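Residues or ranges marked as ATP binding site in Swiss-Prot: 151, 152, 153, 154, 155, 156, 157, 158.
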């Protein structure tokens, strides 16, 4: 055992060098030391020669000194998995951070696992109904698929994720795992309390100090944590989700935000002595992303459906970080600042968002044709906007005037009040059934609702509500 102990030789920020005597820990092994009375975990990243390894620290390195003893655990970071994690908050190394005592785990599992083999994967296509009109109609999510939510700062990615957790937990009742990767601690705290309020999780204070009966496990590595924690916390969350999947569950895995995973990797990359690639990102960007994304998949045992918020630096979709994640996704939901500026929420761009599920073979002809007609109408309106800006509406043909009027109604009907946003908007949230969504938009593009004013379609659920609102507006005007 004695030869498994090394000593710290150098500390540079989050990167720590440890020298061993003869024994050399494997790459990705977890090493442990105590820093001012707290357990500190280091993960081996490189072998430097002369029995020295370079490691990434999973917590703050202030207080570490040269010569401090470090022990090799002989395995990657191990985290608790199973039903005991539900309703609890843990950090990257599996320690509880919610002050409710230790997590009673069925087992522990290493955070680095191989991706399921080709033979283990399942490939059937089925859509996951979210109750959000714009998503279900134009870019539907695949059950067991990967979904990316793209958007700049402040266009509503986190609110959309919270609404999805809320809707799917209510409609589908399965387990969820939420990985908070490098996002705001306040939002993490809000999410925990909102989950208790919406009965997704149980309040331990009213449940005899236990979170039993909860539906969602939370794994946090927030903005204030060192890059090591932010670069690994997504893997910790995924490990918890994989365990539920292997037990035959359909799991929802939420990551907010996958960009911070890449960002953390780029922060430690330079300290590890790697030559940066485009825009200063790590040269291993695609490999890191692939190692995470290939594990998020549906097997013959169960499924993982993942929804990942992806921050787009400076609203530039060609930035290497968002671009690296595009290749892995089944559906992309792009949030647009220009739509948010019109006050239309969720600010999903109906022409930029895509899904491989948008096919008549999967959705049926009625849904597919309605979605395509909606996109055609919006695309025509977009093409006419330059003419309208220069010459005004009067110069358009009668046909184009009708198209513009319908497109403006469609734009407004794509908005919807959310349950989790009730506190901001004051209007109760709406969950819209898929057949109501299709019927409503089909009527709109066919001109059945041309008589209603466009305000009637703003922030309503189903078409019945829009008709009701139209009557109310007409009565007020009279």
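A Cβ is built for glycine as well, from the same backbone N, Cα and C atoms used for every other residue.
Its Cβ taken as reference, residue 153 (ATP binding site) is surrounded by 11 other Cβ atoms within 10 Å in the chains shown.
Other than 151, 152, 153, 154, 155, 156, 157, 158, the residues of this chain whose Cβ falls within 8 Å of the Cβ centroid of the ATP site are, in sequence order, 311, 335, 340. The Cβ of residue 155 (ATP binding site) lies under 8 Å from the Cβ of 335, 336, 337, 340, 347, each of which sits 6+ residues away along the same chain. Same-chain residues at least 6 positions away in sequence with a Cβ under 8 Å from that of residue 156 (ATP binding site) are, in sequence order, 335, 340, 345, 346, 347. According to DSSP, residue 151 (ATP binding site) is assigned to a strand segment. Around residue 154 (ATP binding site), the same-chain residues six or more apart in sequence whose CB sits under 8 Å from its CB are 340, listed in sequence order. Long-range neighbours of residue 151 (ATP binding site) (same chain, six or more residues apart, CB within less than 8 Å of its CB): 157, 309, 310, 311, 312, 334, 335, 336, 337, 347.
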